[in-house]
Amino acid sequence: MRSQNVKHSRVQSLLVAEKEMMSTRPLKSGQLKFDLDKQDNSLKDNGPQFLDGPYEATVPEMSPEGTSVIQVTATYPTDVRLIYSILPEQPYFSVEPTSGVVRTAYPGDRETQDKYFVIIKATVEQIGGPSGTTTVTINLSDVNDNPPRFQHKRYEMNVSEAAPVGTILGKIMANDSDIGDNAAMDYIIEEDNPHIVYIITNNETQEGIVILNKTVDYESQRTYKIKVKGINRHVEKRFLEKDTKFEDETILRIIVKDADEPPVFVSEEFFMEVAEDNWNGSFVGTVSARDPDDIDSPISDRDPDDIDSPIRYSIAHSKYLKTFFSINDHNGTISITEPLDREKQIWHNLTVTAIESINPKQMSEVNVYIKVLDANEYAPEFAEYYETYVCENSRAGQLIQTISAVDKDDAMKKHNFSFYLMEESKNNSSFELEDNENNTARILTIRSRFRHSEQFIYPLSILIVDNGIPALTGTSTLTVTVCDCNEEVSLLSCRYGAFLISMGISVQALVAIVACLLIILVFVLAVVALKHQTKTAAAFHEKGEIFRENIFKYDDEGALFRRTPGCQLIVGGRRFNALTADTSGSKEEEEEEEKKKEEEEEECLHKDS
């Protein structure tokens, strides 16, 4: 009975195996029909064993035929040869009969089927030999073998013309059957398309987020047509060789919606010029703004028959600044309201406001810069005060002074000055003027031998003319002083006068410097004398009651003498008698000392005689 059951079990197993081999698909999860538990227990217990089974392996999809997947190994108690085979046979995988290495038999597609269950049988190499089986789970890993495909061939998004840069307009999406990095996507706008938007990729969903790149204007352009490409970031070279493009295209249409906008000035800023000698009410310039909303705009409240400007202009005044200008609120013309003075203020900066007459909340501002041009209102004059000297022994043609001129008018304007010697100065025929034509002139002598005693100074009247419109003239006087350059009395004022002037030091300045030095010297001497007097008084105080004094006297003949213990002292060819006094000691000692001194004096007088 038992042998019949075993035979029946074998027949059932072969029938199931044959049925699976006829199929073109491998066994899948839940499809294992070959029930090993129904085989003979002795066959199961005594056949080859796969000690490491069941197995699991991974192989990239689209792998070439013959790619090694895994090696399985069975054991048997006796040293016999085992033969490996797949149950049932199928076109996707194969096994080497002797080594048990499982290989790919056909490039699998993960997107079609990502997991396979394969039964491997190991059989003892003999007729009717025992066998054992194991299962191998084979997973297909993803490769980038599929290009992206947009969900729609056309996308449409709306944006308000008032939308700021950075506004998100919408999303686009290109599907990719691959997973992970193989599905990573970049969205690119083609070069010849308007770049009013840019697209970033959400790395989690691979969606393309469309963001406004610059502001749009409904009145200028109402629609944009943009061609966008979806491109895989990672592409395998082996698939590129098959002429497969891993990208897709779509059309993105941007529709601009109208919005109520504030007035727009025709220029971002205005520059104007006006001469400072213009009268009040004089025209300076015009600012202009427009309402960007068309009359036929769906949001416009303006009457098409209204020809009056919908814009109103004003100047933003400051209570701390004086206003020199006014503006016509209808046409934007700027006029002068106060006298202008370039020397006080060259530039005037105004802020002009434009508002919609219908909707005052819609307001814009612009800066207006007004430059005050210089009017020729100041006559030229000497650039500095000149002190000019000429020596009595000067020769004809000698240069005694170079002069220049200045003008208080606009220094940025090119000044050209011309110099002329007035007729009354020419008549003295002592000096002449040469214009250097570079805003300077030279004063030269035209004769020799000047006489200080005859004429001490020569005043020269010089006419200076500028190049303004109209030209203005100024007259300055140059005083030439005649010097006797050989006399000591004239040394300071004449001989070095010209040199001092050339060094930028006038005679008056030199006199002031000398006076200051004298004052400082007197002060120093006074301080030294005071210190010396203080030291002398201190010395006398320290000596106390003991001191000596030398007394100089003249004798009857008028000779100066000093009484000293040495009796005589001769100075400058004269002979003197010396006397020394000592006030210290008692009264008796003083009388004795006085008597002794009288004796010494008599002795000295006797010697002198």
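Each Cβ is built from the backbone N, Cα and C atoms, and glycine gets one as well.
Per TrEMBL, domain 'Cadherin' is recorded for 51-150, 151-265, 266-382, 382-492. If you look up TrEMBL, you'll see 509-530 marked as transmembrane segment. Feature annotation from TrEMBL assigns region 'Disordered' to 581-609. Residues or ranges marked as compositional bias 'Basic and acidic residues' in TrEMBL: 594-609.
Taken together, the residues in the domain 'Cadherin' (382-492) have a mean pLDDT of 85 on the 0 to 100 scale.
Residues in the domain 'Cadherin' (266-382) partition by DSSP class (helix H, G, I; strand E, B; coil) as 0 helix, 48 strand, 69 coil. Using DSSP to sort the residues of the domain 'Cadherin' (51-150) gives these counts of helix, strand and coil: 0 helix, 47 strand, 53 coil. Counting residues per DSSP class in helix, strand and coil order gives 8 helix, 54 strand, 53 coil for the domain 'Cadherin' (151-265).
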